[in-house]
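TrEMBL annotations:
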type	residues	note
DOMAIN	8-208	domain 'Phosphoribosyltransferase'
BINDING	Arg79, Arg104, Asp131, Pro132, Met133, Leu134, Ala135, Thr136, Gly137, Gly138, Ser139, Asp200	5-phospho-alpha-D-ribose 1-diphosphate binding site
BINDING	Ile194, Gly199, Asp200, Ala201	uracil binding site
Amino acid sequence: MSKVTQVAHPLILHKLAFIRNKNTGSKDFRELVEEVSMLMAYEVTRDLQMEEVEIETPICKTKCKMLAGKKMAIVPILRAGLGMVDGMLKLIPAAKVGHIGLYRDEETLQPVEYFCKLPQDIAERDVIVVDPMLATGGSAADAITLLKKKGAKNIRLMCLISSPEGVKAVMNAHPDVDIYLASIDEKLNEHGYIVPGLGDAGDRLFGTK
Ligand code: PRP
Ligand code: URA
């Protein structure tokens with residue numbers, strides 16, 4: 001069963017209030033999404049494997065812990081997931097980045113795939129899928145299915161805002177995938193938007209409409 005972690009740190013919730021605010025423009029929205037992603041990366045990577053290494057300080061030899069060298073990949077779901085990549089890379093600079101392009105058909109709300117480019121060794125990497133919004137859960141579930149078809153085994157999902165329905169959909173489709181969120185909001189509206197949410201994440205990041 002998926003573990004669902006709500007990363008409700010005061011700094012994250014404070015920044016999320018600005019992100020949700022309709023008066024926050026694209027420049028600030030982008031910067032805040034990057035900052036929150038960086039803060040969440042701290043929690044998403046909490047259980048990374050470590051190994052003991054011996055080093056020498058200016059005083060003496062000592063044993064320290066370092067990351068065990070397991071390789072990571074960050075996979076944003078285009079477009080809005082792109083806004084989370086730089087924040088993640090600030091904490092995990094050696095990660096490779098794959099891209100999965102999906103958009104929601106406005107009528108059916110079903111995800112439509114239009115792009116997939118992944119690191120060639122994705123099967124050996126710990127993968128973090130990033131997307132600010134988990135609404136019906138269709139896009140995230142399809143992206144994870146695609147990653148599994150390409151051989152990825154260890155996958156986590158990190159989103160800023162989710163609906164309760166989206167969390168359930170991903171848990172049902174992929175019980176092996178742990179989910180990290182800053183907020184689980186109230187519900188989806190009749191257009192498949194998260195309430196209260198933040199509106200259309202892609203449009204707000206890139207200034208489109
Ligand atoms: C948004 C969002 C997610 C998806 C969530 O993308 O970034 O990918 O909707 O909805 P779901 O959980 O119901 O599938 P959108 O399809 O608007 O594309 P965009 O990022 O290119 O704007
Ligand atoms: N996609 C968004 O960008 N926002 C929502 O509320 C739902 C899907």
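Backbone N, Cα and C define each Cβ position, glycine as well.
Checking the binding-site residues Arg79, Asp131, Ile194 against ligand 1 with a 6 Å cutoff on the Cβ atom leaves Arg79, Asp131, in sequence order.
Considering only the binding-site residues Arg79, Asp131, Met133, Ala135, Gly137, the residue whose Cα is spatially closest to the Cα of Asp200 (uracil binding site) is Met133.
Within 8 A of the CB centroid of the uracil site residues Ile194, Gly199, Asp200, Ala201, the other residues of that chain are Pro132, Met133, Tyr193, Gly197, Leu198, Gly202, Asp203, Arg204. Here the C-alpha separation of Ile194 (uracil binding site) and Arg79 (5-phospho-alpha-D-ribose 1-diphosphate binding site) works out to 17 Å.
In the three-state DSSP scheme, Ile194 (uracil binding site) falls into the strand class.
Comparing Asp131 (5-phospho-alpha-D-ribose 1-diphosphate binding site) with Ala201 (uracil binding site), their Cα atoms are 9 Å apart once rounded. Checking Cα-Cα distances from Ala201 (uracil binding site) against the binding-site residues (Arg79, Ala135, Gly137, Ser139) with a 10 Å cut-off leaves Arg79, in sequence order.
Listed in sequence order, the binding-site residues among Asp131, Met133, Gly137, Ser139 whose CB lies under 6 angstroms from an atom of ligand 2 come out as Met133. According to DSSP, Met133 (5-phospho-alpha-D-ribose 1-diphosphate binding site) is assigned to a strand segment. Here Gly199 (uracil binding site) is positioned 10 angstrom away from Met133 (5-phospho-alpha-D-ribose 1-diphosphate binding site), judged by their C-alpha atoms. Counting every protein chain shown, the Cβ of Gly199 (uracil binding site) has 15 other Cβ atoms within 10 Å. The Cβ of Ala135 (5-phospho-alpha-D-ribose 1-diphosphate binding site) lies under 8 Å from the Cβ of Arg104, Leu109, Ser162, Ser163, Glu165, Gly166, Leu188, Gly192, Tyr193, Ile194, each of these being in the same chain and 6 or more residues away along the sequence. When each of the binding-site residues Asp200, Ala201 is scored by how many other Cβ atoms sit within 10 Å of its Cβ, Asp200 comes out lowest.
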